[in-house]
Amino acid sequence: MFASLARNVALTGVAYFIVSLIGLLLAPVLIAAYGVVGYGQIILARIFLPSAAFGFLDLGVGENSTRLVANARASGNWLGAAQGITVLCVISLAVSLTAAGAVALAADHIAGWLSIPSAQRHGFAGVLRVTAAMLPFLFLSLVAEGIIKGFERFGQLRSCEVASALTFGIAALILVDRGHDANAICMAFLAGVVLRAAMATLFAVGLCRESGLRLARYDRTTRREIFAWSRTMLSNKLLGVMQTQMASPLLGFLAGPAAVGLFDAIVRIPRFAKSIFSLTSSTVVPLAARLQAGGEAAAVSKLGLVGTLTAFVLFAPATVMAMAFARPIIHHWLGSAIEPHWVWLSLMLFVPLLGVSTSFGGSMLLARHDAVRRLNRLALIQVTLQIGLSLVLLPLVSPWSFVIGQVASVIAVYPFQIDLIRRDLGMGNGLFRWLLIIFVSSLGVSLLCRAAAPAPDLAELVLILTGVSVIWTVMLIALMIKPDERARLWQHIRSLAQNRNA
């Protein structure tokens with residue numbers, strides 16, 4: 001069980017790192033070429049994709065596909081999976097065609113509402129129309145990605161993501177070098193997204209042929225079951241989009257692309273951290289579904305506790321260190337012009353830091369209908385606080401009100417989320433003790449390093465963020481492991497070393 005999860009996590013970690021690193025490296029290049037206004041325009045062109053603000057419209061078809069395939073692998077009910085996936089394809093087509101028509105018809109108006117510069121407005125509307133034409137295929141590809149996850153073929157899925165990111169990165173550099181405008185960068189990004197969808201579709205078709213999974217005529221019972229899950233996932237998706245994706249559209253409509261560009265530049269590192277942190281949760285859903293389908297409550301509880309603490313201890317030291325060194329990070333990455341905004345980077349890093357301790361267990365609970373509803377209620381409270389604070393404070397601290405709103409709301413709701421996850425997965429109170437130990441000790445080490453290196457150059461900064469963080473992470477892991485487990489681990493390591501030398 002844990003070996004399979006570790007392998008999937010490793011594959012996902014490498015892919016997420018490559019994809020996120022490309023975004024980090026491109027940000028200063030695009031800002032230098034087009035300014036924060038042009039960079040904001042590039043960000044706004046993505047908001048109507050299924051991976052952005054339109055994400056709630058997929059009704060959780062990807063997660064549903066994963067659940068159906070994982071359950072079929074555990075129970076052998078492939079006919080039920082085929083019927084359910086057929087319903088999901090119908091849902092995807094119906095929703096995406098409606099959304100595509102709306103975007104295509106309103107493209108010119110949307111460009112004006114987002115305050116796109118007049119010289120770029122016609123081209124931006126053209127990008128939106130091409131996006132609309134691709135929406136049906138992109139929504140259907142979510143079903144394909146869900147099928148791949150259900151079969152736990154994460155190598156295939158991550159190859160799609162890496163190929164997409166590399167395609168966009170290379171194309172963007174070429175377009176910048178040749179002097180093309182920001183709309184050309186938008187088209188390059190869309191091309192990368194379509195490539196990912198095409199690869200995922202081909203992989204999913206191959207897996208379906210191998211397993212004998214085919215589209216099948218569904219009955220009323222299957223349709224009702226899928227619709228019930230879709231209604232639950234709609235609220236879950238809507239809340240997720242409002243939590244993570246609504247800042248850019250709202251800032252675009254209320255403050256223009258310059259505010260979007262500045263905001264996105266600062267929060268890109270927290271998003272990078274969040275994408276890396278979420279690698280464990282993206283691989284645990286099919287495993288949790290199979291364990292719960294088999295009634296293995298003890299295994300579910302152990303997986304939840306070990307997974308949550310492992311994720312937190314792996315990423316908390318580096319995140320807290322980045323919070324302490326936010327100013328030099330901004331200076332060396334985006335330059336002195338944006339350096340004065342470093343405090344918002346430090347503050348925003350609280351979001352992925354707290355999220356990593358809830359994402360693993362929360363993803364495991366996606367296989368439980370009742371737990372999803374309770375998590376959604378907490379998420380609704382958090383989103384209401386987040387958007388309310390952000391809009392109230394916008395006239396005073398634009399665009400940073402969206403940082404304040406998100407951080408304050410996440411901190412307010414976090415105790416209730418982690419306690420719900422602990423109780424539903426049957427984890428003991430030791431979870432809270434270890435989370436606190438890891439955070440407080442990491443904060444102490446980070447503050448000592450900051451005091452010792454008040455103005456680090458780039459080499460010193462990289463050494464501190466990597467070397468010190470890794471050393472402290474290893475020390476924390478050694479502290480967490482029980483003495484007998486530690487002895488077995490060292491014995492295993494020595495055995496591996498001796499075999500290699502032999």
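Cβ atoms are placed via backbone N, Cα and C, with glycine included.
Feature annotation from TrEMBL assigns transmembrane segment to 12-37, 43-61, 82-107, 127-148, 160-176, 182-208, 303-330, 342-366, 434-453, 459-481.
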Request  = For the transmembrane segment (82-107), name the stretch out of 43-61, 160-176, 182-208 with the most CB-CB pairs under 8 Å.
outcome  = 43-61
Ask   = Does the transmembrane segment (459-481) make contact with the transmembrane segment (303-330) through 3 or more Cβ pairs under 8 Å, each pair 6 or more apart in sequence?
value = yes
Request  = Look at every Cβ pair spanning the transmembrane segment (43-61) and the transmembrane segment (303-330), keep those 6 or more apart in sequence, and say whether at least 3 of them are under 8 Å.
outcome  = no
Tertiary contacts of the transmembrane segment (182-208), as residues 6+ beyond its ends and Cβ separation under 8 Å = 30, 34, 38-39, 41-42, 45-46, 49, 51, 120, 123-124, 126-127, 130-131, 134, 137-138, 140-141, 143-145, 147-148, 151, 153, 156-157, 159-161, 163-165, 167-168, 171-172, 175-176, 214
